[in-house]
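A.B. asks: Mind looking over this structure? Questions follow.
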Amino acid sequence: MSRSINLAVIPGDGIGQEVVAQGLKVLTAVLPQDVKLETKEYDLGARRWHRTGETLPDAELDSLKNHDAILLGAIGDPSVPSGVLERGLLLKLRFAFDHYVNLRPSKLFPNTATPLAGRPEIDFVVVREGTEGPYTGNGGSLRTGTPAEVATEVSLNTAYGVERVVRDAYERANARPRKKLTLVHKNNVLVHAGHMWKKIFDTVGQEYPEVTTDYLHVDAATIFFVTQPERFDVIVTDNLFGDILTDLAAAVTGGIGLAASANINPDRTFPSMFEPVHGSAPDIAGQGKADPTATILSVALLLRHLGFDAEAARIEDAVAADLAARDGSARTTDEIGDALAVRVAG
Ligand code: ATP
Ligand code: MG
């Protein structure tokens, strides 16, 4: 196991700056003395774009390759046209670094604001495909500006891309106690992509006889996320369905302030990237109100990816204890970060 971490940090926009500072605070506190942490900050996001017109220049993309992992706060600001930073920075990174597994764990922590309070333990993880589907930019507009305008957004699915993410999901399910894997798609309507996903899901499944499988259409899955979330263990799904389902999962398991995510390159040919599910939250930026817990839990995912399992578990336990101790009184971003830093160190 590597006893050093060379981390790229992209604080980004809005509350991204505030929550990343807390993530680094807790990371520093949890690492043993003999682990050398090096960080390099990258100035990317809305301010950079306003200043220079750049989103992610090639030189910085190259430089980012030299790190063990990337910690990202949030990217996006209402002053930048929609899509510029999402496509030019976030999606560019995911594609360039082949982040084909987008991992979003959902766990119901005690004492959290959720419509599902008092339910049996909810603990599932969504494996969202990260490089294909309708997010590749494959499409276009015709007859723009006329009443007959046409726009297409083609969902791209390759056997190669589907198989590798499905296999990753089987591996994850096989490593969990319940060993259950659910495929979510919409193969009664999206028959071309849907049937390929199902066929590959069934074929790869033959190699994992211990994993129980089932299939749900995405609309049914949204119902079960709310009415029977305990039925899920690992879910594998395409890029678009995964995007929507994981926001729903965050909402039913304690809110967006707690939802962590990882953009993983399982082959480790490029660094993986860890970030909270939430965005830059311009409505509360600069007020010290943002909950840094989602970012701190993303740091735990980062540590686990780099082989620091004990440290990752210490962060998750600290978060559970901190949430259990919350009494409803408002705490600042900094106070939550401080409290968690103390807990992981102690
Ligand atoms: P993006 O397009 O960047 O994902 P978004 O419009 O989906 O952004 P968010 O930035 O995620 O929205 O914010 C959605 C709502 O959740 C806002 O009201 C915001 O204040 C709130 N919110 C987001 N993150 C946090 C957080 N860490 N703590 C508290 N509230 C948050
Ligand atoms: Mg969002």
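From the backbone N, Cα and C atoms, a Cβ is placed for every residue, glycine too.
TrEMBL: automatically predicted annotations, no manual curation.
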A.B. asks: According to TrEMBL, Arg94, Arg104, Asp219 bind substrate; identify which of Arg128, Arg143, Arg231 is listed for that same site.
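C.D. replies: Candidate listed by TrEMBL for the same site: Arg128.
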A.B. asks: Using a 6 Å cut-off on Cβ distance, which of the binding-site residues Asp219, Asp243, Gly279, Ala281, Asp283, Asp291 come close to any atom of ligand 1?
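C.D. replies: The binding-site residues passing the 6 Å Cβ test are Gly279, Ala281, Asp283, Asp291.
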A.B. asks: Reported as an integer number of Å, what is the Cα distance between Asp291 (NAD(+) binding site) and Asp219 (substrate binding site)?
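C.D. replies: Asp291 (NAD(+) binding site) to Asp219 (substrate binding site), Cα-Cα distance: 30 Å.
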A.B. asks: Record lists Gly279, Ser280, Ala281, Pro282, Asp283, Ile284, Ala285, Gly286, Gln287, Gly288, Lys289, Ala290, Asp291 as binding NAD(+); longest Cα-Cα distance in Å?
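C.D. replies: Between the outermost Cα atoms of Gly279, Ser280, Ala281, Pro282, Asp283, Ile284, Ala285, Gly286, Gln287, Gly288, Lys289, Ala290, Asp291, the distance is 15 Å.
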A.B. asks: Can you list which of the recorded positions Arg94, Tyr135, Lys186, Gly279, Asp283, Ala285 have their Cβ under 6 Å from some atom of ligand 2?
C.D. replies: Gly279
A.B. asks: Listed binding-site residues are Arg104, Asp219, Ala285; which of them have CA atoms within 10 A of the CA of Lys186 (site 'Important for catalysis')?
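C.D. replies: So the list reads Asp219.
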